[in-house]
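Features as listed in Swiss-Prot:
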SIGNAL    1-14  signal peptide
TOPO_DOM  15-141  topological domain 'Extracellular'
DOMAIN    21-222  domain 'Collectrin-like'
CARBOHYD  76  N-linked glycosylation site
CARBOHYD  93  N-linked glycosylation site
TRANSMEM  142-162  transmembrane segment
MOD_RES   214  phosphothreonine
MOD_RES   220  phosphothreonine
């Protein structure tokens with residue numbers, strides 16, 4: 001009687017899980033491509049882990065919290081590691097809708113990949129498109145980064161304006177002193193005329209030096 005029950009269950013499972021069956025998915029793994037010399041052999045233990053990960057994913061779907069490992073069926077396993085699987089509903093003895101299984105796999109694809117040290121390219125659910133991992137939120141909000149950059153630009157601009165003002169003031173203060181130095185040099189300039197040192201022109205007084213007056217000009221009274 002037990003043997004009859006076993007064969008009956010096996011026949012039902014074989015009918016539910018077969019290539020191209022309704023709600024069945026094909027999986028292909030490229031373990032050696034991903035891991036090279038560290039590749040592991042695909043055996044019944046790895047199959048058990050796969051069933052556990054699928055059951056784990058299904059338990060996160062509403063109203064599927066009772067899914068067990070035994071509800072996940074594998075068939076047509078090949079040495080190049082490809083197989084088909086379905087998830088059954090034991091209460092009604094049929095497979096769960098493909099939409100529910102697909103949604104569960106997509107939500108937990110990264111967890112399944114990590115369990116086998118693979119990625120979306122080396123662990124493929126052929127009828128389930130791979131999804132990108134959700135973007136990680138930065139530890140610092142974007143608006144704070146933008147505000148910091150703008151604040152730094154403003155500080156640098158203010159510093160440049162202050163330094164420019166100081167430089168211009170120093171330049172203005174330096175110009176009068178240079179003019180005074182030029183006048184002093186002109187006052188102290190001495191020329192030699194016929195062997196007699198004399199000032200050619202009194203710059204500040206505005207009168208002609210006596211050394212340049214002719215003999216008649218000296219004798220003629222003003």
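Note that Cβ sites are derived from N, Cα and C of the backbone, with glycine treated the same way.
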TODO: Out of 76, 93, give me whichever of these glycosylation sites has the highest number of other Cβ atoms within 10 Å.
DONE: 76
- [ ] Could you break down the residues of the topological domain 'Extracellular' (15-141) into DSSP helix, strand and coil, giving a count for each?
- [x] 45 helix, 22 strand, 60 coil
Open item on the list: If I take every residue in the topological domain 'Extracellular' (15-141) and average their pLDDT values, what number comes out?
Closed with: 90
- [ ] Give the distance between the Cα atoms of residue 93 (N-linked glycosylation site) and residue 76 (N-linked glycosylation site), rounded to the nearest whole Å.
- [x] 21
